[in-house]
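Everything on this sheet refers to the single structure shown next.
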């Protein structure tokens, strides 16, 4: 049944152990014995298990000690292998199915010594065997070399006699011969050797002598040594403790031969005679051999770090496919980055051995084995193993088969007729050849071969007697052939044929109603009608007035001698109706009728909508499908989902018969959608269109602060605020109701919901005292009403006229020429006041200025503004002797004209002085600056020198010596630069050095003179403002800025600048206290000059930025 083996290191042979239990009910028949190995050698343990009696694959575990699982220690030192052979023959056990398990210890060390156990389990069966492993420095376990004192008599131990004797005697209790020899007297050695079948006495004595030499001596340095092995979970800590004889003796700890230094990872402790090494937060790198050294003595141990087992969370699925298809086996494990071993029929699949046949894919916890093109060689069981579980699946691969949908039939044709062989196969890509009597048929003018889709045809025109024979169609690539025979019929007999009237034998007994056939849409209908008559009657099928022809197509008639077949491929709704069959021959005719009814799944329901909602529910209605599929509707299935989600949730599993359904257990405030399926006896329809999104909500609270805003002799205007509690559904609108005081007959005032929070109720009885209430409405229904506590008497109320002038019209309105002006000015007053417009104190009669007045406001509009529209417009509203008026100032502006009289007044050094006069046309607004450009006579290209220059003069510097310059000036207002420029009448010639009068010979002294004064400003609080002026004088004058005749000095709120005589005072974020009179004084040795202006600081912005009215 099963064998266990130990590999001899010297001979390389697998030596079987037959000294253990051989009970046929055991899974492991032979058990490993305790053995001694040489240090540094490789050892392999092999266990073989017969699986012929097992219901599933056995599982093998190799353990050290009582519980240490060596499977997690696989690496360079410990290696495990597993294989399977269904035809393995083992001596004494022929024709058994063997699983082979191997454990190899590479280069055995002292730490490998100890007790081991191998356990094999399979469903409800379990077996195990235990064995001890001892390690020596220079001895071999089973063989001895011919060396040393033994001389020529040294040799291998002969176990053959012992094995034969044990096989004959049957199983005995296991004994250790070497323990008996060590305890016996030398005179008894020969007797013991004879008893246990040992023939090499010299080799036995040599080994016994060596074993006595390596007897463990009592340690002088250690009272208690380290245990042979320790085990710890990953991330935990472990303590290794020894007891030393000398408490003062120094001690060292080593890991894999490297000395360990104290750290947070490794902690040394010394308490009395105890010495402890603590390893914190153990990792896989701490899985190693450790030794403790005291003087010349050492003790060893090995620490095993266990990782948590990786389990399989998603098992493999069996796969059934055909040759050439791609196959994927997918498994999910509990940890990302875990190692998964793939096997096929017990053989491991790796990247090195798989080649291009297999691909391995890892995606997080997903592990996929991909077979690119499956073949029949890939059939078998596939396994996925982790250190904590396994899964298996079976792969079945079938050859692709070509299905014959219609075979070719024998034909009998007359001379000069056409013979057509036709067949149909399942794969439209398949080609083939036609053969006649084994010879390939070649196309000609008379013989044609076609391949359209899945249909192959051979057509022979003008049939001759030589065309008779066996015809065969052979598809390419398939061991398949379709054969038929062509018979040539030549009629030369003249006789009077027998005549029988035709007869239709119609059988519809199995179709329910008489002469009615019911077909499910999409299915194939083939109805065979037997026909008799002599000579053979002519058959005609008709649907209404249309003849069903005997031709290829979805609806066709196939006729044979005594049988007419009516065929519908893939029945459709349009095929439904009454069909008539008529058969005629010279002896008469016969007729029959046939009703074909096409049934199908119903159409989807229509008009799915939510009619009402509650806090966690909604009522949904729908219309039955327009077409029930020809079968009565049994009921409906409903599904819902959240808006934005792709997951539909079924609401009922049993058919629901009504067209109204209340969906429950929904979340308030979440949008849902519904769809409905119709069900009949054929199946389930497609889903209906999704309903409009709806939200389960409770009705809102009542509106608040309901008040009366206005009352006339027939109307009452109400105002209110939205409810305090609105909820997730919002408000769709409001309903206003009224009734007479003392009555409970409430009348709805509005036909449609009111969106605003105000409404005027009209057509009220004069003089009556009325009560009003307002109700909020949303998808959940009506809220509680908000009701006026006191009745309102319907009568006219007098109100004085008053104009509510918008804030932006309280200052001058500036707009561009050609722009639209549209002013809307509300007013109030009861009864409706009389509105009158004036311009500059005269009644407005300009036809280019229009006005329009309603009950609550008046509009003044100008379609295209002109400068003549500038002025003061006065609005007057009057009720009897009481009136109110408001003034509106409009200024229409445009770009200015060019400056005039541009002149070069002086040239010195590399500088030129320019002066000009303001433009004649300022565009109906103030000039805010000038732009100066220069051009030399050589290039005639213009370059800008100054922008926003406020004074009508400037000095142009940095001119090039030897050039002659012309200048031009553009004027600027709030609309922009002038279209044309003023060009200087003369030019500035910069003479070369030597030709000019030296600067020191010129007398340029002059007293200060302001060429541009300060201008009054009105600025907005919080926005930085600036005032500027220009001064000339030589020597350069001293500048003093003052506010209200007080020198400003070094106040950080003010920034003073002097740029070539242009003086600017910047006021950072002015407040109301920064208003006043500002002055600038210039002083030099020849005199002084002073200018001043008034600065007004306003609290708010009361005009349109840049003074430009917006487009209407």
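Residue 1 is the first one shown; counting continues down the chain.
For all residues, glycine too, the Cβ spot is worked out from N, Cα and C.
Marked as domain 'Ig-like' by TrEMBL: 232-311 (among others).
According to DSSP, the secondary structure content of the domain 'Ig-like' (400-472) in residues is 3 helix, 37 strand, 33 coil. If you look up TrEMBL, you'll see 400-472 (among others) marked as domain 'Ig-like'.
Annotated domain 'Ig-like' per TrEMBL: 502-595 (among others), in sequence order.
Under the heading domain 'Fibronectin type-III', TrEMBL lists 604-700 (among others).
Positions annotated as domain 'Fibronectin type-III' by TrEMBL: 702-797 (among others).
What TrEMBL lists as domain 'Ig-like' is 801-889 (among others).
Taken from TrEMBL, the feature domain 'Fibronectin type-III' applies to 898-994 (among others).
For 1008-1096 (among others), the entry in TrEMBL reads domain 'Ig-like'. Applying DSSP to the domain 'Ig-like' (1008-1096) sorts its residues as follows: 3 helix, 58 strand, 28 coil.
Shown for the domain 'Fibronectin type-III' (604-700): DSSP residue counts in helix, strand and coil, namely 0 helix, 42 strand, 55 coil. For the domain 'Ig-like' (801-889), the DSSP counts in helix, strand and coil order read 6 helix, 53 strand, 30 coil.
Highest Cβ pair count under 8 Å relative to the domain 'Fibronectin type-III' (898-994), across stretches 232-311, 502-595, 604-700, 801-889: 801-889.
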